[in-house]
């Protein structure tokens with residue numbers, strides 16, 4: 001089926017004026033008014049007419065929505081917007097307050113087969129809420145909730161502050177390696193897709209931005225074996241990255257002192273060569289963090305926060 005041709009796009013600045021749109025600076029929200037930029041974002045999302053569903057979060061004046069539709073998307077769910085198109089479905093509400101498991105469940109068309117579907121999630125996320133939203137979606141992915149059903153092929157193409165994007169994609173032994181790196185890479189193959197200067201946004205932020213593309217792993221390193229599986233990985237990564245310049249030996253002993261019930265498990269982990277105790281936290285692989293988190297998750301022992 002040939003997609004319907006959309007009418008010419010009015011100047012975005014006029015749309016902002018007519019509909020009274022404004023960027024919410026409380027969340028560091030910034031609009032993109034250059035369709036060449038949003039077309040490039042849609043291109044990096046690998047949108048195809050064969051895709052079953054596109055979910056856009058935080059569309060602002062709708063330029064990215066237009067790029068998604070121009071790329072051939074058949075079904076688009078848009079959160080936080082109002083418009084009219086037979087291929088669009090709109091869900092209103094605050095991005096952080098809404099239950100995203102329910103949002104993504106209701107986003108699916110009734111006639112749509114939710115198994116073996118290709119689903120793409122896109123968003124020019126306000127910098128102030130981008131990281132919490134990503135963690136929320138990763139936890140849904142771990143639990144295979146909503147659009148993140150085990151049999152679905154899901155990708156996410158999301159905008160972040162450049163520094164946050166660098167943390168997400170940072171490999172072991174990279175100075176930007178962080179808790180967010182470990183959590184994202186446990187479930188997804190990630191790559192830096194597109195870097196943007198602050199000048200493409202309105203209002204202009206004080207920092208540059210970047211788009212990160214996530215592809216859900218067929219075999220996640222941290223499968224959702226329990227409701228708290230990814231929480232356990234987050235706790236382990238948070239504990240070690242709190243003292244990122246210390247050796248793994250120092251931090252592992254610190255964990256055992258803070259939670260003595262962990263001592264036998266950690267001693268066993270060390271004896272089995274879980275990691276080199278002379279390594280620094282940022283040198284440890286995602287696989288190693290996940291292996292320890294899986295072991296601790298099975299024991300249901302609480303990880304100290306600091």
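Backbone N, Cα and C atoms are what each Cβ position is placed from, and that goes for glycine too.
Bear in mind that the values here come from a model prediction, so they are computed numbers and not experimental data.
According to TrEMBL, 30, 32, 124 bind S-adenosyl-L-methionine; the candidate from 58, 146 that the record adds to this site is 58. Note on the domain 'Ribosomal RNA adenine methylase transferase N-terminal' (37-218): its mean pLDDT in the predicted model is 81.
Residues listed for S-adenosyl-L-methionine, 30, 32, 58, 124, cover a largest CA to CA span of 12 Å.
Cβ contacts within 10 Å of residue 58 (S-adenosyl-L-methionine binding site), excluding its own Cβ and spanning all protein chains shown: 23.
With a 10 A radius on its CB, residue 30 (S-adenosyl-L-methionine binding site) counts 21 other CB atoms from all the protein chains.
Packing around residue 32 (S-adenosyl-L-methionine binding site) is summarised by its Cβ count: 22 other Cβ atoms lie within 10 angstroms of its Cβ, all protein chains included.
Residue 30 (S-adenosyl-L-methionine binding site) carries neither a helix nor a strand DSSP state and counts as coil.
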